Structures are given as structure tokens and as C-alpha cells.
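Annotated features in Swiss-Prot:
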- 101-122: repeat 'LRR 3' (REPEAT)
- 125-146: repeat 'LRR 4' (REPEAT)
- 158-208: domain 'LRRCT' (DOMAIN)
- 351-394: repeat 'EAR 4' (REPEAT)
């Protein structure tokens, strides 16, 4: 061994530290370097002239304002990188690109308020990460994607806002083998000082929906009904001024709805479809000229009129509904004339024939078929009395009860949620109502101001139970059922364009997209698209 080597061994044995100076130009100003490590303090910018074999680098109180992409490409051998008491506030994407051997990354006691979602990309050997004591209010989703070797993460000392932006972090923590120190929330006020790991992700409501305008169908309409035929969704509109039932289908080339077939039907108020195997039926309820049944026996044929329905009973139909009784399809047509009567029409052979007359002389405006306690029921609304509930027994409908405190109800629609049956009752002026079935009676649950309402339509779209309250004088309101409260809460207004005298709403899923149809009496039918928005993104 040479003399210099022996001297170094003796000095080391005596406890004397001898700083190793790399070749000239390999230890920047304001840095202290040893053979495999460097400490830089007070440097005005990011030092770069290090030995390419450097293993450890500490940067303290530098003048760096941000870490840009590729900041450490010249020292790919780093195993440890430490930042403390620096003034930089932003870490950009790929700031640590090229550091595939880095195991320890400590970014502590700095002024970082923003870190890009791909800032840590490529750190495939990282085991220890600390972002403690910075100014981070949130972290971008997927920040830790690809960091499969992490064993320790320290996020303490940051003023996290515990809103939807941290939801992904709460969901991520249980899925990794790393120990994670998260610290406490700085806000909102209701969660201030609560430890992040005590938060329940299930309590966060971070999903929003929006209905945005998609398409206009020119003529006005009174009803809109979805149906599926030969595996393809369709819509049929009752267009009284155009004198037809218009069937729409999806144009896959133009990505829009287009007319497929129309059925001449003067003064039509409702077009009700029924699919039985290869056969398609459409009931066209008309104010004048008699209601008709149209049929298509098999695909490839056009719909053709096959039957005039109960001409002596259906004098002024106002609504038509489809229901199944003892395995057979039936239509119920609500008749609004004093001389006519609401009629139940059931299939018999090739046609549909009167099975029962209901509620004569009451000028019914609406019929709603529903199931209560496992049995078919029918609810009729009329201009002369409160809605009446009928139940199916002995092969016919018998009166069961009426709905208390429900005067001047124009129409009723029901929906199910959480095992309960709810009822939406439409009133033109005053308060429309939401009721819930208690096993023997519908009880009032909620009242909503009506301003010229002819429709209060519940719709289940994706995971959301919605209800739309139409208005002839203002914007129609979309409401959503909040499961925690069991009440409908305002979601949005429909428009622009504003709906002009809306009369019916329907939902259809087409090509993986969800659409809402709004049939309007004094304006064109409007189509809206349903969008889901992730607020935690």
C-alpha cells in the first residue's frame, strides 16, 4: 500500500474526517461533496455538475422556484434525494425522470403548493417518499401510479382540504402495503383537525350529473314512449298537430335520432307500444275518429291499422298505459269525457277488447299501473275527485281507497327506491306532491311548488332516481332523490332551449349513451344527453 493510502487509513482510525473532493468541476459552488454524496446549501439555482456516480444529494435553502422535467438526468445513479427548506412551489411532470435507482425521496419543509400528476413517473425503485410539511391542499389522482415498491409514505403537515379531491387518496391507502402518514384536515370547517385516515370514503358525495341539450325533433308532441324491438331501442312520439305517431331510431352514421316510420293518427294524444316476440303493436289513442290498434306481425313489414278500439266507450281519451294481468297484456285508456268511461282492454286472440269499464262519469285524466304488496293496482286521476286506487281481485279491478289530501291532481306516476313505493302527483297550480306507501295508504312526504305543471315524471337514469317537474311558465326542474334524506332535492333546470309546455319525459339508452326525451305541446321535442361528472378527478 502506498504512503497516501496508509495515511488515510490512520486518519480514519483516529476519527479524523477527510472530505473527498471529486475531480475539478464535479462539485458545484455552495456544495460539499464526498465520494458518493453531496450537500448543497444556499445555491441560487439547481446544481447539476455532479459526478455521474453520485448516490446521495441533499438540497437545502436553494433559490430554485420550480422543479422542471428532467432536472436530474445528469445524475442517474442517485439512491437518495432530499429537499428541505427550499422556496420552490411547483413540481412539474417527469421532474425526476431518469432516476430509476432512486429509493429515498424526501421533499420536506418546502413551499410546495402544487405537484403534477406525473411528477413521480419512472421512480420504479422508490421505497420511501416524504412530502411532509409543505403547502399541499390536495394531491393529483394517480400521483403514486407505478410506484409499486413503496413501503413508507409521509404526507403529514400539509393543509389538506378534505373534499372530493382527496377521495382517491382515501380509497388508495387501503390498497397498498405501504405505511402512510396522512396528517389532519385543514378544511372544510366541519372536518378541520380530523385525521385523514379516520375519514370514511362512503360519506363523500363526489359524483355529479348533468343533462345537456343534444337534439331537437321539430314537431310538438303529447307523449313519448321508449321500447325495444329486435334488440334495437326505439322511441314513439304522439304528435297531434302533425296527426301521427312518429317512430324514431338511432342513426349510427350520423350519431343522431332519425324518423323510421310514421302512423297517420289525427288528434292523437298517446301512442303506446307493445312488443310480443316478433310482433309490434301500437295503440293510438285519439280524441276524434276513434282510437286504433296498429300491428306489425313480423320484422320487415310496415305497421298497419288492424282494429278500432271500444268506439262507444272511448270518446275523449287522455292517457293510455300498458299493464300485465295474469300473464296477459292489457291496455287501460283513461277517458276524460263525461259520457265515456275509462276502459281496460285485454288481449283476446288477434286483438284487444274491453274487459272492464272503470270510474264512469268522472272525466279521468290519467291512469297509472303499479304493483303494491305483490298485487296489480291501478290509480286513476280525474277532474272531479281525488285519485282513486283500484286493486286486481277476482279477474277485475275493485276500488280499494282514495288518496287523502290530494285534490286537483292531474296525473300520477310512481317509482320504487330502497324497497319503498313512491308516488309523484302532478298539480297544475299549487303544490305537486311526493307520497310514500305505508302498507295501507299513500302518505304525504314532500310538497313542491307547481307553476303550470302537467307532468311530474320520475325516471331512473343510470344510478340516479330523478324526477322532472314540468312547467308551462318557467324552466322545468330536475330533482334527484337523496337516499340519506329520502327526499327529492333540486339538481338543475332544463334549458336552454327552454321547454315550451312539456307534457311527457322518457329515458332511453342508445349506443352506450343515455338520453332524455322531453315532449312539448307548444314547441318541438327536445333531447338531452345524460353526463356523469367525477368531482374527485
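Quick reminder: no glycine exception, Cβ is built from N, Cα and C everywhere.
Note on the repeat 'LRR 4' (125-146): residues 89, 100-117, 119, 152-161, 165-166, 168-169, 172, 176, 181, 183, 186, 536-537 of its chain, located 6 or more positions outside it, place their CB under 8 angstroms from a CB of the stretch. If you average pLDDT over the repeat 'LRR 4' (125-146) in this model, you get 96. Away from its own ends, the repeat 'LRR 3' (101-122) comes close to residues 67, 76-95, 128-137, 139-147, 154 of its chain (Cβ-Cβ under 8 Å, at least six residues beyond either end). Here the repeat 'EAR 4' (351-394) has Cβ contacts under 8 Å with residues 283, 293, 306-307, 309-310, 313, 318-325, 330-338, 341-345, 400-404, 406-407, 409-414, 421, 423, 425, 437, 439, 442 of the same chain, all six or more residues outside its ends. Mapped onto DSSP classes, the repeat 'EAR 4' (351-394) shows 0 helix, 31 strand, 13 coil.
Residue counts for the domain 'LRRCT' (158-208) under DSSP, helix first, then strand, then coil, are 21 helix, 12 strand, 18 coil. Shown for the repeat 'LRR 3' (101-122): DSSP residue counts in helix, strand and coil, namely 0 helix, 7 strand, 15 coil.
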